[in-house]
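Enquirer: Here it is: the structure, laid out below.
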């Protein structure tokens, strides 16, 4: 059963989700994240995760 039209809830909150959203807004960070992973890409652009 869907709740609030959001689909199934995540089994646990993703602590990196806010950083993922920031990185996705930067095309260079987003592209790098596809290659090396979110944490490494985020660190290169924005500092420690």
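Using the three backbone atoms N, Cα and C, a Cβ is placed for every residue, glycine included.
For 1, the entry in Swiss-Prot reads pyrrolidone carboxylic acid. Look at Swiss-Prot and you will find 1-47 tagged as domain 'Gla'. According to Swiss-Prot, the 4-hydroxyproline annotation covers 9. Feature annotation from Swiss-Prot assigns 4-carboxyglutamate to 17, 21, 24; the stated evidence is similarity to another entry. Summarising the annotation, Swiss-Prot assigns Ca(2+) 1 binding site to 17. Positions annotated as Ca(2+) 2 binding site by Swiss-Prot: 21, 24. Marked as disulfide bond by Swiss-Prot on the basis of sequence analysis: 23-29. Sequence annotations record features per position, and here Swiss-Prot assigns Ca(2+) 3 binding site to 24, 30.
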Enquirer: Between residue 29 (disulfide bond) and residue 21 (4-carboxyglutamate), how far is it from one CA atom to the other, in Å?
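Expert: Here the two Cα atoms are 11 Å apart.
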Enquirer: Tell me, how many other CB atoms lie within 10 A of the CB of residue 21 (4-carboxyglutamate), whichever protein chain they belong to?
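Expert: The answer is 9.
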Enquirer: Report, in whole Å, the straight Cα-to-Cα distance of residue 21 (4-carboxyglutamate) from residue 30 (Ca(2+) 3 binding site).
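Expert: Distance between the two Cα atoms comes out at 9 Å.
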Enquirer: With Cβ-Cβ distance below 8 Å and at least 6 positions apart along the chain, what are the contacts of residue 23 (disulfide bond)? List them in sequence order.
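Expert: Listed in sequence order: 29, 30, 33, 38, 41, 42, 45, 46.
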Enquirer: My understanding is the cutoff is Cβ-Cβ under 8 Å with a sequence separation of 6 or more in the same chain; which residues meet that for residue 17 (4-carboxyglutamate)?
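Expert: Set apart from residue 17 (4-carboxyglutamate) by at least 6 residues yet with Cβ under 8 Å, there are none.
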Enquirer: Out of 24, 30, give me whichever of these binding-site residues has the highest number of other Cβ atoms within 10 Å.
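Expert: Result of the Cβ crowding comparison: 30.
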Enquirer: How many other Cβ atoms sit within 10 Å of the Cβ of residue 29 (disulfide bond)?
Expert: 20
